[in-house]
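*Asks:* Have a look at this one before I ask anything.
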Amino acid sequence: MRLGSVILFVAFCSFTAYYVYEPIPERIEERWKLMLTNSFFRTLSHLADLCESAGLKDYMDVMYVITLLEKIVPVSDEHVKVTEEKFDGVEVVLYQPKRQGGDARLRRAVIYLHGGGWCLGSSRMSPYDLLARKMVTELDAVVLSVEYRLAPAHHFPVPYEDVHRVVKYFLQKGVLAQYSVDPGRVAVSGDSAGGNLAAAVSQQLQKESGQQVKLRAQALLYPVLQALDLKTPSYQQNKDMPILPRTLMVRFWSEYFTSNKALFRAMMANSHNSPESSRLLKFVNWSAFLPEAYHKEYNYSAPAVAQGTEGEAAGVDGPSQSFADPRASPLLVPDADLHSLPKAYILTCEYDVLRDDGIMYATRLRAAGVEVTHQHYDTGFHGALMFTVWPTDFLIARRMTDNYVKWLKDNFSLLPLEEMGDLLGKGTECKQRKDVAGYG
């Protein structure tokens, strides 16, 4: 009996060690903590696959447990006033510095868009709440966290449209004045899928002639930026990396467009492009836009092109999928649409399937004359910045957060009056009304 118990115990320990252990690169800090953290994600993913195969529940419905476990009710504290509101019908969580008596200064504002592959995540998750409070206190900023609707219940372009509506609403002069926000110091930011939405809305607003108040900056944290080539060197090198393996990222992309699993299979094979979308592959040709150091042993091979529309090419019935729409894939915009974009901060991680998306975008923005700060973490992994809450708190997350907030502080200061006039679309009129704008 005792021997049997020992055998069972040893077998259990062996199985646990086999399941938890992953061949994670030695360079990554706190490797065992990352292994343990990822074992939870892998277990949940296996359970989600099983439930979907058995017809019990959709994969993303099970994975949403990640969001629920981190969800909180944001409340005010001694330094930060928190309110939950609706801007043009979209839910937002608004964080504001608590004013001292007689303080009438205009403040910065950061519109933040959470990650989660357009299918998971919430502005009400603990890591996002902590990040928002840090930005409020260290930047003396108003932070607007957007609760956009999620796929697969709401496919593209609904999440983008929710974000666009919120940003347009917030950038109205009357709304900015209501929250004591300086019209010349508004930035948009987001991580992962939120970085995708931030880049997309920055591009679209710059093209809208009626938009008077412009964004001052965009901060993109390991953003996902294109759906045409899902076999870039980083997709291949990091296909089995923790937190966001290639299979999961491809699933996020397919669920963003449709619930038809035929698209997922086509995207896994990188054979989902149609003749229409293939014409834009030149914008994601990593052999041209990726520095040589990141090519490594990989050789460029253009994705296969199927015949028919995008939907037909992927074996999906109904309207064609929007792989080529820059609102879904911001990396696909032509060079002429890049030069007028606001200054950018782009964070990338070496051990992330999305690494090359961010690097290629930084390359193209710089070539177009946009001021870009590209911060690459040689030991970073996808999602690292959000691991700030015990027991999954990582040292690299603290460094990433500090560097990100420092960039916002250093690059988000008061503007010369002439530049503010350009952002407001007023030209020299700004000089005549500097008292209204908060300049003295």
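Glycine residues also receive a Cβ, built from the backbone N, Cα and C atoms like all the rest.
Below, the features straight out of TrEMBL:
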type	residues	note
ACT_SITE	Ser192	active site
ACT_SITE	Asp352	active site
ACT_SITE	His382	active site
DOMAIN	110-270	domain 'Alpha/beta hydrolase fold-3'
DOMAIN	320-385	domain 'Alpha/beta hydrolase fold-3'
*Asks:* Give me the mean pLDDT over the domain 'Alpha/beta hydrolase fold-3' (320-385), rounded to a whole number.
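*Replies:* Mean pLDDT across the domain 'Alpha/beta hydrolase fold-3' (320-385) comes out at 95.
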*Asks:* Might you list, by sequence position, any residue in that chain lying six or more from His382 (active site) with a Cβ less than 8 Å away from its Cβ?
*Replies:* Ser192, Tyr222, Asn238, Met241, Ile243, Leu244, Cys349, Tyr351, Asp352, Val353, Leu354
*Asks:* If you draw a 10 Å sphere on the Cβ of Ser192 (active site), how many other Cβ atoms land inside?
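*Replies:* Its Cβ shell of radius 10 Å holds 29 other Cβ atoms.
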*Asks:* Within 10 angstroms of the C-beta of Asp352 (active site), what count of other C-beta atoms is obtained when all protein chains are considered?
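*Replies:* There are 28 of them.
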